[in-house]
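Visitor: Handing you a structure now.
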Amino acid sequence: MAKTTSHTSTAGGPQKYNVGWRRVVRNFSPSWFAVTMGTGIVSVLMNSIPFHAPVLYYLSIAFFVLNVVIFMLALITSVLRYTLYPEIWKVMIQDPTNSLFLATVPMGFATLIEMWVFVCVPQWGHWTVTVAWVLWMIDVVAAASVTLSLSFILISQRHITSLDRITALQLLPIAATIVAAGAGAEVANVLSNKQHALGTLLTSFILWGMGTPLAVVVLVIYYQRLAVHKLPPREMIVSCFLPLGPLGFGGFGILYIGKVARKLLEGSEILDAIAGPMAYVLGVFISLAMWSFGLIWLVFALATILYSSPFPFNMGWWGFTFPLGVYAANTMELGVVLDLMFFKVFGTVLSASVLLLWALVGSHTAIGAWRGDLFYAPCLQKLIFREEAGEQEFPFLREVFTPRDAHKVEYAVLDFVFVHGLNPRGHNDHPFETWTHANRKFWPTEFLAEDIPYARIFVYGYNSSVTHPQTMTTASIKDHANTLLNLLDLERGPQQSLPPKIIFIGHSLGGLVIKQALLNAKEDPKYNSIRTATSGLVFFGTPHRGAKAVELGKIAARVANFVSKGHASNDLLECLEHNSLFTRQMSDRFRHQLEDYRVVSFIEGKEVQLGGFGPASLSHLVVDEESAVLGLSGLRETQLKLDADHSQMCKIGSRGPMYRLIKGNIKQLVDQALLSEQGFIPQPVPPLVGRSPPPVPPRMHSNSSNPYQPPGRASSSNQRIFGAFFIATDNDPRAIRSAELKNKSKWDEARDSEYEIFQEHLSALGADHHSTLLAGYNLAEIELEANFLEKATEWCQWVFGWYSASFWHQTLTFDED
């Protein structure tokens, strides 16, 4: 069935752009140049190992040629990307993470220049020196531009407003000039014209001075971030190697600058004769100090990797190769200059490690590129505000995020549907602008999609203009609700046995549209499946009893109605009047459905400024607290006041306290819905904190070594004693696998799978929940089939004990009522 939407998360644009070579080009982010950095540093290391061997030389040439091919392919693809889709450049440069990878372009190019100097200059003569010099000048311009521009963007835009958002990626644009400085020293060493060489060397020292002190400043901030907020997320854990980059190449660069300065300044009239040896000595000691500082970060990085493993593969894994590689280069250069075997051997060992890491990361990258999994640019989500906005016709239901593995059973188990409110300015992009912060962060895809990656996200757009005569409509709330149901029904299509749950999220009038849609769905059998699939409702400033501040809107609507000569309608505002007949009737009808849903009601905590200035200013709460809540008792409704006015309460610009509050309550609705309906959550559940779980039998071993050592009992490899055929109790992939294992008499593996389910349900639902007790019964069944009768008895006693406690609790509660 054809989809009614044109944007998805894996797409980042219209569907026609997401197939074939267009998808590759469109999603080819600057992070791919990290491949050239990693490949380039391997070629440099193979050429620099002090224990010379012919095989290393030819290996370095092979990597050099491969790097040239990779760099040219990446460069051509990038040029095509920004030529064919120029709008992507602005989106990319404004992305706080993706834009930082622009620094990988000049750094990858610098490795090509180094190898040109090491390999081509000795073989092909004088003209290659001029080529190297020109190429280095180009690299200097690119590196300086990246360092200055991206660093300024970082401090001028409100992308990062809290310390916990700082990552080691902030070092990338700074490292660009440091790498260019090291390459410049190598170029200066082969220039025959002494004045050109001195100019190149001086420029290299300036570049080194631009980057190195700033890198140290960022490292101090990054260390504070680690000390206060601890290790970064697992998907960013590889970035812990990045501090080795500026420290490693910074040390290498200043050492090489000092070495070349001693040669060029000998007999020079510009400086004193002692300037050359002094520069050399200072270079050695500064390089040694930076190497020592880098040793600390190397130990931190290795410990972090061991502590956090395993972690998922992504393009960030290339952060293993270049930083460790430049640190190895500095180590070997120190060994050559100081003639110390320790540095030579240690640098060689590090170089071999980099080669092995390159093979590991390169193989994963090749496989991911072949499958197309790595061609994914999350920053393209922001194009939903630009593409087709002018030609978008209402109504629509657009899918703005789709789980990358939506074809798997454990994904796409949930649908979020965002519904906007009134459109006072008549903008076509209001359905998205409602949820977009001033910094252009569209939090449903920027934040929520990352935190709940197994849910599809839809945005419903309808004509809610009430003050612009050219765009006003005569459609009522009931009309908009029916359209929402129809589009959602088309989108969901023929349902499987366990259709995705739905959580509606509405702002202001959008909340009333959602309520009306659920009322309509109850009356229309065609849409009853949507009502039964709905488990949670999230309201932002929804006027369940009308809004007292709607009068100003009505005045503007009357003006618009007059201008349009009576062809426009303000029926929507009539419905929003405080204590109107419509809101009273809706509340009366909707209360019969309230027990079917869990509700979160967010209340505006600030007044909207309506006009005036200073003491004469006029402000008002658009929807007061009494109208913004349903007033449900017990756990059915969560009521929370946000520190924002009616318009800003649903515009989230960062992962700060306001987002964490909103996301936390939405996540609770999600967990409760999936656990009660499907028996599992498609991501790890945090362990229970603050109280000990009920006593349970000890953890089962995952091997066949008779874990409980019962005398005379059969091992798990024996055939089961009953001939039952086991089926999964729900759609949890682990339960399905457990049933398959039980049917194959693989009791140890089945036991581990069932115990994982048991622990998750015990933490999230409690010991007395039927899903937890069912998991306990399954474990008893496994132990019985495996002939571990004592352990089967323990599980049966545990399950029966909780069933009995639950039964008596319900009986006593009934008697009290």
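Including glycine, each Cβ sits where the backbone N, Cα and C put it.
Unlike curated entries, TrEMBL annotations are predicted automatically.
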Visitor: Can you check which of 31-49, 772-790, 791-809 TrEMBL lists as transmembrane segment?
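Guide: When 31-49, 772-790, 791-809 are checked in TrEMBL, transmembrane segment belongs to 31-49.
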Visitor: Other than its close neighbours in sequence, what residues sit by the transmembrane segment (205-224), given a CB gap under 8 Å and a spacing of at least six beyond its ends?
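Guide: Contacts with the transmembrane segment (205-224): 140, 143-144, 147, 151, 163, 166-168, 170-171, 174-178, 180-182, 184, 243, 246-247, 250, 253-254, 257, 297.
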Visitor: Which residues of the same chain, at least 6 past either end of the transmembrane segment (278-299), have a Cβ under 8 Å from a Cβ in it?
Guide: 219, 240, 243-244, 247-248, 250-252, 254-259, 261-262, 265, 324, 327, 330-331, 333-334, 337-338
Visitor: Over the domain 'DUF676' (441-548), work out the mean pLDDT and round it to an integer.
Guide: 83
Visitor: Counting only residues 6 or more past its boundaries, what in the same chain has a CB within less than 8 Å of a CB in the transmembrane segment (311-329)?
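Guide: That would be 29, 31-32, 34-35, 37-38, 40-42, 44-45, 48, 107, 179, 234-239, 241-245, 247-249, 252, 291, 294, 298, 347, 350-351, 353-354, 357-358, 361, 364-365, 368, 374.
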Visitor: What parts of the chain pack near the transmembrane segment (341-361), using Cβ distances under 8 Å and only residues at least 6 beyond its ends?
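Guide: Those are 38-39, 41-42, 45-46, 48-51, 317-318, 320-321, 324-325, 327-335, in sequence order.
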Visitor: Can you tell me how the residues of the domain 'DUF676' (441-548) break down into helix, strand and coil by DSSP?
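Guide: Its residues divide into 50 helix, 24 strand, 34 coil.
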